[in-house]
Amino acid sequence: MDKFRVQGPTRLAGEVTISGAKNAALPILFAALLAEEPVEIQNVPKLRDIDTTMKLLGQLGARVERNGSVHVDASDVNVFCAPYDLVKTMRASIWALGPLVARFGQGQVSLPGGCAIGARPVDLHIYGLEQLGAQIVLEEGYVKATVDGRLKGAHIVMDKVSVGATVTIMSAATLAEGTTIIENAAREPEIVDTANFLNTLGAKISGAGSDKITIEGVARLGGGVYRVVPDRIETGTFLVAAAVSRGQIICRNTRPDTLDAVLAKLREAGADIEVGEDWISLDMHGKRPKAVTFRTSPHPGFPTDMQAQFSLLNLVAEGTGVITETIFENRFMHVPELIRMGAQAEIESNTVICHGVDKLSGAQVMATDLRASASLVLAGCIAEGVTTVDRIYHIDRGYDRIEDKLRALGANIERVKEHE
């Protein structure tokens with residue numbers, strides 16, 4: 001297993017080009033199964049989860065290749081089962097189920113893996129597909145869905161906001177007979193991006209980005225070319241990198257309008273921020289950040305995927321900040337690792353109280369999930385001495401060449417292969 005060795009402290013400064021959003025590229029790749037003609041998807045990040053998805057689509061019989069863009073031709077899909085050996089590393093595989101049952105009348109997906117943060121049941125996906133008329137059984141570790149003829153449009157009220165289930169229902173409903181309405185739908189930018197992709201292929205989806213999405217079913221979807229939205233979480237991570245190191249940064253190829261809650265908290269922390277249509281600049285003018293208090297909540301609230309990075313910000317800030325995590329359980333696993341580097345914090349159930357310290361010290365730490373691993377790498381950049389971050393396969397699942405981008409900002413970071 002690779003690890004990162006980081007020598008600090010450094011003040012990070014410079015420019016970074018943001019990659020396409022993993023959380024939009026994944027549902028879009030799975031939604032390409034609905035298309036009867038070839039699709040070209042641009043701005044797809046180079047990540048382990050993307051590679052796994054491309055491999056999975058290939059196993060289902062789609063022709064998939066990458067040459068700059070990702071090209072998917074699902075016209076000859078003839079296998080309707082996503083096997084355990086690919087699904088076990090990535091919970092996003094459940095997104096194959098809706099398109100398979102909607103287009104082919106059958107699909108089965110092994111129960112998924114992914115980050116070890118709390119319970120992420122597939123119940124809401126199953127509930128949604130059942131409302132559309134699919135018969136679903138769970139057996140031998142697989143979710144198996146079938147339907148006679150086409151799925152039927154339905155009025156579906158979600159009892160919990162779920163990005164994953166909203167994507168499943170919206171994708172499947174594009175080929176259903178009649179109209180589907182999803183109430184209490186997730187509002188994330190990645191939902192909007194997936195809807196825009198499907199509409200490019202001929203779907204009739206309106207209301208994405210609000211809590212009520214309407215899908216008028218169509219008989220078939222064709223091909224098209226689509227560009228994935230920039231990654232707001234990668235953008236936020238690099239903005240925090242500059243903030244915690246008292247540095248400055250310009251993020252290019254990004255979408256400031258998807259980051260309102262994060263930018264507001266960075267301004268509160270003392271950052272000088274300017275935005276253009278596709279760029280954000282942040283300058284700390286050499287100052288230490290101020291602690292901030294917030295609760296994570298579904299979009300447009302503060303994103304849970306930025307919570308670990310802001311925990312780090314609070315732990316090196318002036319003052320005390322309180323962070324309450326309302327989305328996932330077990331999402332403070334980075335905090336004990338940061339305490340080993342000299343941070344001061346108490347965890348009380350779903351809240352962490354962060355007491356800012358003036359400096360951290362390098363230590364050997366272990367990544368436990370994707371965003372936690374990013375906060376540990378950033379901690380290494382600002383800590384005095386050497387930090388090694390183990391289990392960085394987590395970070396490769398969600399960040400496109402993070403060490404190259406940090407190095408361009410002045411970080412002293414190297415990837416150490418296991419045999420060295």
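Even glycines carry a Cβ here, placed using N, Cα and C.
Values in this document were obtained by computation on a predicted structure and should not be read as measured data.
The phosphoenolpyruvate binding site annotation in Swiss-Prot covers K22, N23 and rests on sequence analysis. As annotated by Swiss-Prot, UDP-N-acetyl-alpha-D-glucosamine binding site applies to R91, R120, P121, V122, D123, L124, K160, V161, S162, V163, D305, I327, with the evidence given as sequence analysis. If you look up Swiss-Prot, you'll see C115 marked as active site, proton donor. Sequence annotations record features per position, and here Swiss-Prot assigns 2-(S-cysteinyl)pyruvic acid O-phosphothioketal to C115 based on sequence analysis.
Between the CA atoms of K22 (phosphoenolpyruvate binding site) and K160 (UDP-N-acetyl-alpha-D-glucosamine binding site) there is a gap of 23 Å. Counting other Cβ atoms within 10 Å of each Cβ, the lowest count among the binding-site residues K22, R91, K160 belongs to K160. Under a cutoff of 8 A between CB atoms, and with a sequence separation of 6+ in the same chain, the neighbours of N23 (phosphoenolpyruvate binding site) are V163, E188, E190, D231, I233. Cβ neighbour density within 10 Å is lowest for D123 among the binding-site residues D123, D305.
The Cβ of S162 (UDP-N-acetyl-alpha-D-glucosamine binding site) has L124, A186 as same-chain neighbours under 8 Å, each 6 or more residues away in sequence. When secondary structure is read from DSSP and collapsed to three states, N23 (phosphoenolpyruvate binding site) falls in the helix class.
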